[in-house]
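Feature annotations, reproduced from Swiss-Prot:
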type	residues	note
ACT_SITE	D8	active site, proton acceptor
ACT_SITE	D129	active site, proton donor
Amino acid sequence: MILFPAIDLKDGQCVRLKLGDMEQATVYNSDPAAQARAFEEQGFEWLHVVDLNGAFAGETVNGDAVDAILRATKNPVQLGGGIRTLDHIENWLARGLKRVILGTVAVRDPALVIEACRKFPGRIAVGIDAKGGKVAVEGWAEASELGVIELARRFEGAGVAAIIYTDIDRDGILTGINWAATLELSDAVSIPVIASGGLASLDDIRRMTEPEAQKLEGAISGRALYDGRIDPKEALDLIREARKGMIR
């Protein structure tokens, strides 16, 4: 069970969006590497990074910022946004990423995801971003008719390390995680699920530690951390206590 702090990159800066709208970006830190170090010093064990410009462009745009993050932290880093080819995946893993997140390509070319899992075992996650229960692609700019569970089940047995499920309708507005949809997905597949979008308070962290949610790998937090709505120490203490209970 992991709480992943998020760094979303736009034009080289650490930002948060509301509902995935690039025009509603709030800059929280102009130095993403410093933010990565701060999260590590606060006790977080992983880092979730998204190249927002890259998600729209279909290729890496904020590569220099990601490289700076990788140099700044010893924590494992997972990256999504604009990664669409095997060469691109291999390049990023060689540069120090622990895990690559594939979103649009999981819809457009699922065979590539399966091949990536074979070639890079344990290093590939699938990002499923949903609006109204349907999968969105190309930086959330395009809607599909594909259902979340339908897409997730395509990768059963492929070796996907995790599914990162984001409810776009809740992203960045602090309304709480969509637990009904997240747990429905977690129950429908054997792949570990990471909840994203809307995490608002310690109540969401507590919910994540309840027995019904213990199939989850964890949750991603952005605005709630940046705005001080969640105290890192309190959140991490809750998770550590829950882990002890699971071990027992």
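Just so you know, glycine gets a Cβ as well, placed from its N, Cα and C.
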Whole-Å Cα distance, the residue listed as 'active site, proton donor' to D8 (active site, proton acceptor), is 15
Close in space, distant in sequence - D8 (active site, proton acceptor), Cβ under 8 Å, 6 or more apart:
C14, V15, R16, L17, V49, V50, L52, G222
